[in-house]
Amino acid sequence: MKVAVLGGGAWGTALALTSLRGGNPTTFWMRDADAVRAVNERHENPGYLPGIALDAELTATDDLDAALVGAECVLAVAPAQALREVASRLVGRIRPGVPVVICAKGIERSSGKRLSEIIREMLPDNPPAALSGPSFATDVARGLPTAVTVAAVDAELAAMLARLLSAPQFRCYSSDDLVGVEIGGALKNVLAIAAGAVIGAGLGASAQAALVTRGFVELRRIGASFGARPETLMGLSGLGDLVLTCGSAQSRNFAYGLALGRGDSLVGMKLAEGVATAGIAATIAAQRGIRAPITDAVDRMLAGTLTIDRAVGELLSRPLRAEDD
Ligand SMILES: NC(=O)C1=CN([C@@H]2O[C@H](COP(=O)(O)OP(=O)(O)OC[C@H]3O[C@@H](n4cnc5c(N)ncnc54)[C@H](OP(=O)(O)O)[C@@H]3O)[C@@H](O)[C@H]2O)C=CC1
Ligand SMILES: O=C(CO)COP(=O)(O)O
C-alpha cells in the first residue's frame, strides 16, 4: 500500500524512513522547499534531525498533490495545533476511505477537541487513526528498536494499519481504543514538562518519581472522563511514553521543563507539545470536576502565575488522603 507522510519535522522524517524500511512505497511532503532539497540532494534534514544520515531511498516533495497521488494511507505528522490547517489542505484532495493516521500528540487548544475529532469534522469520509507510544524520532531514524500503538475505532482497520506501518525495528501494536491512545499521548507531554521542572529545580529523583506516579493518576482520571480504557493508558501510549519522556532530556517536553525549573530562558526552544496541551487539559479537568493539581500547576507555571517553589508548597500541603481515593 502506498503511504503518504505529511510533515517534514523530526517525526515525519523518521516515520517516512520506517515506512520505506517496512517495504511501503512512500511519499514524503514537507512544506519547506529548502528542506526538500536537503533531503533529496544531501540525504539530511538538518533543521530537525541534524547529524543523521537519511536512507538514500527517501525522497521528499513540497507538492502536496504529488505526494497524495495513489495514497492509500496518510500519516499526518505536523504539530497538534497545526493539524486543522493540514487537514484543511486535504479537503478535496484525499480520496474517500483513505485512513488518516494522526501521529501528533496533543489536544486542540482553542476547542478542547481530540485530534481525531478534527479529522472527523474536516474529512468525514476518511477514518481517523492514531499512532502513539514511546518513540524518539532520532531512535527511529537510526533504526533502533521501538514499539508503538496504532489505534482506530474499527479494530480491523487498526490491525491492518499496524501491519502496514510495522518495520523490522518498528513494532506496531493495534488497539480499538482510539480515545485512550490519543489522550495518553497528549497528556504525557504535560507530565514530562513537570518532571523536567522537578529535576531542573534540583528537587531530586524521589520527587520526580512521586510526581510521575501522581501525574499518572491525573492522566487516568482525565482519560476516564473521555472514555479511555484504563488498560490502554497502562500501555505504550500512556505509561510507556511517561517512562520515556519523564526521565530523559532527549524529550523536548522534559527539556522544556528542565529549563523552566532552572529558571533558564525558554526562547527558541524546540517544539514542546505539552505547553499547548497543559492549559486546555487543566481547563477540561476543572470543568469536569476532576482533581488534577499537577496539571493545574504546570499550566500556571507556564503562564507565569506560579513559581516552582510555590507549586511544590501547594502540592505538599494538600489534605492527606488515601492513595486510591
Ligand atoms: N520528535 C519525536 O520524537 C516525536 C514527535 N511526535 C509528535 O509528532 C508531532 C510533530 O513533531 P515533530 O515532527 O517532532 O516536530 P518538529 O518540530 O520536529 O517539526 C514540525 C514540522 O511540522 C511542520 N509544520 C508546522 N506547522 C505546519 C503546518 N501548519 N503545515 C504543515 N507543516 C507544518 C514544520 O514545518 P516547517 O519546518 O516548515 O515549520 C516541521 O516540518 C508532535 O505532535 C510530536 O508530539 C511523536 C512521537 C515522537
Ligand atoms: O513523544 C515523544 C516520544 O514518544 C517525543 O517526546 P518529545 O516531544 O517530548 O520530544
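Cβ atoms are placed via backbone N, Cα and C, with glycine included.
TrEMBL labels come from automatic prediction, so no person has curated them.
The DSSP secondary structure for Lys188 (active site, proton acceptor) is helix. Per TrEMBL, the feature active site, proton acceptor maps to Lys188.
If you look up TrEMBL, you'll see Gly7, Gly8, Gly9, Ala10, Trp11, Gly12, Ala137, Arg252, Lys270 marked as NAD(+) binding site. Sequence-distant neighbours of Arg252 (NADPH binding site): residues of the same chain at least 6 apart with a C-beta under 8 Å from its C-beta are Met269, Lys270, Leu271, Ala272. In the three-state DSSP assignment, the secondary structure recorded for Arg252 (NADPH binding site) is helix.
Taken from TrEMBL, the feature NADPH binding site applies to Trp11, Arg31, Tyr48, Lys105, Ala137, Arg252, Leu271, Glu273.
Residues or ranges marked as substrate binding site by TrEMBL: Lys105, Arg252, Asn253. Long-range C-beta contacts of Asn253 (substrate binding site), restricted to its own chain and to partners at least six residues apart, with a cutoff below 8 Å, comprise Asn189, Val190, Ala192, Ile193, Gly196, Thr245, Ala272, Glu273, Gly274.
What TrEMBL records for Lys105, Gly133, Ser135, Lys188, Asp241, Ser251, Arg252, Asn253 is sn-glycerol 3-phosphate binding site.
As a whole-number mean, the pLDDT of the domain 'Glycerol-3-phosphate dehydrogenase NAD-dependent N-terminal' (2-157) in this prediction is 98. What TrEMBL lists as domain 'Glycerol-3-phosphate dehydrogenase NAD-dependent N-terminal' is 2-157.
As annotated by TrEMBL, domain 'Glycerol-3-phosphate dehydrogenase NAD-dependent C-terminal' applies to 177-312.
Summarising the sn-glycerol 3-phosphate site geometry, the residues cited as binding it (Lys105, Gly133, Ser135, Lys188, Asp241, Ser251, Arg252, Asn253) extend over a maximum Cα to Cα distance of 15 Å. Ligand 1 lies within reach of Gly9 from the binding-site residues Gly9, Ser251, Arg252, judged by a C-beta closer than 6 angstroms to any of its atoms. The shortest Cα-Cα distance from Ser135 (sn-glycerol 3-phosphate binding site) to any of the recorded positions (Trp11, Arg31, Tyr48, Lys188) is found for Trp11. For ligand 2, the nearby binding-site residues are Ser135, Asp241; that is, of Gly7, Ser135, Ala137, Asp241, Lys270, these have a C-beta under 6 Å from one of its atoms. When the binding-site residues Tyr48, Lys105, Gly133, Asp241, Ser251 are screened for a Cα within 10 A of the Cα of Gly9 (NAD(+) binding site), the ones that qualify are Tyr48. Each of the recorded positions Arg31, Lys105, Lys188, Lys270 was assessed for Cβ neighbours inside 10 Å, and the highest tally belongs to Lys188. Cβ neighbours of Ser251 (sn-glycerol 3-phosphate binding site) (same chain, under 8 Å, six or more residues apart in sequence): Phe136, Ala192, Gly196, Leu244, Thr245.
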